[in-house]
Number of protein chains: 2
Amino acid sequence: MSILRVYKLYFSPNRKYVKALKNLLGFVPGNLSLYRLAFRHKSVAQNVKKGVKNSNERLEFLGDAVLGSIVAEVLFKLYPYEDEGFLTELRSKIVSRVNLNQLARKLGFDKLIEYDSRMVGSTRQGSLLGDAFEALVGAVYLDKGYDFTRNFLVNHIIKSHIDIHQLEKTETNFKSKLIEWCQRHGKDITFELTENQEGESNKLFTVRALVDGEVLGTGKEFNKKNAEKLAAEKTCEALGI
Amino acid sequence: MSILRVYKLYFSPNRKYVKALKNLLGFVPGNLSLYRLAFRHKSVAQNVKKGVKNSNERLEFLGDAVLGSIVAEVLFKLYPYEDEGFLTELRSKIVSRVNLNQLARKLGFDKLIEYDSRMVGSTRQGSLLGDAFEALVGAVYLDKGYDFTRNFLVNHIIKSHIDIHQLEKTETNFKSKLIEWCQRHGKDITFELTENQEGESNKLFTVRALVDGEVLGTGKEFNKKNAEKLAAEKTCEALGI
């Protein structure tokens, strides 16, 4: 163990924080201020300069991108015979807010995140944990570089906490899939509520999905959300995605 | 110059291809088959295994992610006092299909891409160059690793061919911005055409933008696309993005 590590873990004024991070991450962090920032929610951020706040949002932006890239590579190599549609879909399940929130909760992030407790219960609290997870990835990347971050994510997080083959089987969100595909291919996607038939007791909703102005799928259901889902599913079929 | 490089450039049966790549990339590629794959459009792909085609689409998936991560880091460091909304928007301009198509054309990709010439003029040809650019990034990453790819992109591509400060000033696409934000935050976004008023000579379209079912912006215009744009812009304002 290097002298610096011994100092950080046992003698520095931050030793408690360093130990908590080491337990969480499995390694001794270098630049502590990056990790503190990753766990600071905007609800407790202060202005550090004109218009600049010390919250984790910029790190979240960076971490989201780095995480996306590392997960892309993991899947690319894990599934050599699957096409890019499969890889895109599986990645979006892995990095979904729901999945990252669960993951961060399992890892005990709730003990480390600083946030305004008046937020508890509000809708904005929903993605607090997942956002902090992404910000942490950004912090590790800036502190230790890409290859270290990849090894950390693969060996410490993905192998122990994410069941990729299980996620592979969960139901697909065709709407997200369609929107993502359109984003990637520079297409315009719109869902239009075209009819709103009043039946005897239930309303029937008709939704059309338009890609670059062309109707590629229609769904009729007794609630709007399901009508949209169906329209998206049919459009995915039509596009072969 | 190493013996392997000398062999590759002057004696190997692939020397013409190696030289073309070296002119394009500024370095001598290692695994040639990756680069060949990056330039092979699906219109000329063959089945190499049951259901598996040797097109550039899987590499495009990987390269898109690696490119996103590298551009995120470049912007994170270039703009230390801008928030994540600014960074997200500027990145989406840099990696937009339009921008990558232009870039790939400038770099002379049209001479290297293999595709079915019957596709010329069809709508599917639109993103051929930009897709190949992303696939190339994936190939460089697999061939040389992340740090090499970052240096290649920063020093050989971004510094010479992308005017970030110019892109910063170009007009924003509020609809893309809103969809991207919703994707990132796990929100549901829908555009609804609610009214279709017939005026004396022109039709007036009313479009509402709903985030998680809540109307956050409405736009009225004489064509549907502009009504949508306006609704998206108002919604971005309402959300403070």
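Residue numbering: from 1, along the chain as shown.
Cβ coordinates come from backbone N, Cα and C, glycine included.
Feature annotation from TrEMBL assigns domain 'RNase III' to B:18-145.
Positions annotated as Mg(2+) binding site by TrEMBL: B:Glu60, B:Asp131, B:Glu134. Here B:Glu60 (Mg(2+) binding site) comes close to B:Asp131, B:Ala132, B:Glu134, B:Ala135, B:Gly138: these same-chain residues lie at least six apart in sequence, with C-beta atoms under 8 angstroms from its C-beta.
On its own chain, B:Asp64 (active site) has B:Val95, B:Glu134, B:Val137, B:Gly138 as residues at least 6 apart in sequence with a Cβ closer than 8 Å to its own Cβ. Annotation comment: TrEMBL describes B:Asp64 (among others) as active site.
Under DSSP, B:Glu134 (Mg(2+) binding site) is assigned to a helix (H, G or I) in the three-state scheme. Positions annotated as active site by TrEMBL: B:Glu134 (among others).
Here TrEMBL flags B:173-241 as domain 'DRBM'.
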Measure from each Cβ of the recorded positions B:Glu60, B:Asp64, B:Asp131, B:Glu134 to the Cβ atoms of chain A, and list in sequence order the residues where some distance is under 8 Å, or 'none'.
B:Glu60, B:Asp64
What is the three-state DSSP composition of the domain 'RNase III' (B:18-145), stated as helix, strand and coil residue counts?
89 helix, 7 strand, 32 coil
State the count of C-beta atoms found within 10 angstroms of the C-beta of B:Glu134 (Mg(2+) binding site), not counting that atom itself.
28
Cβ-Cβ neighbours of B:Asp131 (Mg(2+) binding site) (radius 10 Å):
27
